[in-house]
Amino acid sequence: MATSNLLKNKGSLQFEDKWDFMRPIVLKLLRQESVTKQQWFDLFSDVHAVCLWDDKGPAKIHQALKEDILEFIKQAQARVLSHQDDTALLKAYIVEWRKFFTQCDILPKPFCQLEITLMGKQGSNKKSNVEDSIVRKLMLDTWNESIFSNIKNRLQDSAMKLVHAERLGEAFDSQLVIGVRESYVNLCSNPEDKLQIYRDNFEKAYLDSTERFYRTQAPSYLQQNGVQNYMKYADAKLKEEEKRALRYLETRRECNSVEALMECCVNALVTSFKETILAECQGMIKRNETEKLHLMFSLMDKVPNGIEPMLKDLEEHIISAGLADMVAAAETITTDSEKYVEQLLTLFNRFSKLVKEAFQDDPRFLTARDKAYKAVVNDATIFKLELPLKQKGVGLKTQPESKCPELLANYCDMLLRKTPLSKKLTSEEIEAKLKEVLLVLKYVQNKDVFMRYHKAHLTRRLILDISADSEIEENMVEWLREVGMPADYVNKLARMFQDIKVSEDLNQAFKEMHKNNKLALPADSVNIKILNAGAWSRSSEKVFVSLPTELEDLIPEVEEFYKKNHSGRKLHWHHLMSNGIITFKNEVGQYDLEVTTFQLAVLFAWNQRPREKISFENLKLATELPDAELRRTLWSLVAFPKLKRQVLLYEPQVNSPKDFTEGTLFSVNQEFSLIKNAKVQKRGKINLIGRLQLTTERMREEENEGIVQLRILRTRKLYIQIMKMRKKISNAQLQTELVEILKNMFLPQKKMIKEQIEWLIEHKYIRRDESDINTFIYMA
């Protein structure tokens, strides 16, 4: 019965029956007139009914809609074209377009069933999307064909004129330009590229007009106002154009209009004047004009390869200014390691501040700073260190190196040793200054030289017990580890501290054992240091000296005590590294003298004959010291800089220890005394060890030669390791890998690299490739 009624009503559900009810509502919607809820729902219902019951209904609805939409648009077209003036036409168009475009989102909604029917089953599974609506497409296509395609050039030109006027400071309604853009964006019928019409027309016109504007404006502004004012102008215009582009150009994700516009502006405002702007860079750096440099940096960073010339200028400035300052202060800093380090740190802080303020610590400029500062630190023109190298009995010299690592080690020693400098600083201040040294050390190429000198100073501090702060001493070892010093070196330093602690326990045990025994010297007055040869690595050279009887008799006692606790180990006595305190008595007073073993041996020659004059020749026989060591020791007793009255007198007078002859006579100064504030002190203590090295002249030469030999061995060893792993490698790649591994210790010289390659070939570790002499092959 229900089916029969539906079939009876089917006749009343035809298009012809319903359109007369539907059309008034459609026209109201097109004209943006109010529609009641009932009318709105009726339209949905009627469209649904016609699409279901009238086979030709959907096509008829589509055609009828098209006709009504076209008619509505023709009326709008007439209103727009009634204006002859381009600006008036643009305003009229935008008014009509805004109303129509709003309805493009509303009118399609009641026609959902039409969409489903016309698109078939496939479409029925898709989510309803107004933007993809057939009705919406019909509305936009009709608008495009009837109005927009005919006047789009006039609209576009008007819009560009408005933008041009805005650039010149004139005000207008920005919605006029935005409306034209929206028309271009929304009226494209190409489903594959909905922005094609917009890109080909509006975007292109916008970019072209922008470029034309600045190609005209920029050169004249530069000519009239100069580079520095022009940079401000260019920066302001780039920011202004970016804001304008965000208003007037399409900003959706798939569109890169703003980026294209900014590239266009950069080309017109910056790239075209790149050389002219960059020509000012060097002068700005010299004058420390950080604000102007920052502005130049922000502009040049937008230009391909714009930063490279600035980096080059910065590097050149740091090197030239840095070396100029070092040369200007050379007289002071070459003799004062504290002043030298302070000068380097002042330079580093100055250049770092420049990079921070001008370039915002940009990594590229930090790298340039590091590269240039490294060149200053490692420059050898002012401070040369020549390392000797003996080959087949012939003394050679390597290429001069910077003395920086040696001076850094000396400064560390001043901070870590009991000195006037360390005494006036707190522990925190000493720590801060050591951290500053480590900062500079990062830039030192030949860190192995620093290591050698630092270890020599540490040896001296530990043996003489003159460290200012033992905790900071041990912390320094860990800091060196943290900054990437080789582990084998740092481990040896740590072992040195262990030896000192073990020696303290041994001393305590020795004193306990002999507290009731009578020794040549009281046990309490003896301090023994047993050092591991591997960690302390002293020279193999033994310097013989004839010891006073008291010391000579003590040695067997110590050896016997040590063997009881450590069987199988042999002690080698290094008198060169020993020191002690002796009491000097004369008619003036009594004084304690801190002396080396060599000084002690010389002074004890007068114990039985205090008022006699002894010749250089007889002192050599009495002490059995080598000639060079005796001369050095005697000079420290006759010309000690801190004493107004020397311990020994001599005749005839000479200018240096080298001028002593076999007949030079020495005697004890019976009027020796310590003078303080112009007053003679009857008692006191003086350290005569001073800066006497705990090494002989020959041992110092060996130390320096050892640096070179160790470099050769490390280079050779690494070459073999690399070749073993690579099997076959080019000369360039081999050298690159070698330098990369060794850079934390030293920078191998080209001559050394070449010599070691030849050595490896000669000893059949590697061979040259027959087809390419610059390629090496590993030989097992």
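Including glycine, each Cβ sits where the backbone N, Cα and C put it.
Positions annotated as phosphoserine by Swiss-Prot: Ser34. The phosphothreonine annotation in Swiss-Prot covers Thr210. Annotated domain 'Cullin neddylation' per Swiss-Prot: 713-772, in sequence order. Marked as NEDD8 cross-link by Swiss-Prot on the basis of similarity to another entry: Lys724.
Counting every protein chain shown, the number of other Cβ atoms lying within 10 Å of the Cβ of Ser34 (phosphoserine) is 7. Each residue in the domain 'Cullin neddylation' (713-772) has a pLDDT score, and their mean in this model is 80. DSSP labels the residues of the domain 'Cullin neddylation' (713-772) in these numbers: 39 helix, 8 strand, 13 coil. Here the C-alpha separation of Ser34 (phosphoserine) and the residue listed as 'phosphothreonine' works out to 44 Å.
Reported as a whole number, the C-alpha separation between the residue listed as 'NEDD8 cross-link' and the residue listed as 'phosphothreonine' equals 62 Å. Cβ neighbours within 10 Å of Thr210 (phosphothreonine), excluding its own Cβ and spanning all shown chains: 21.
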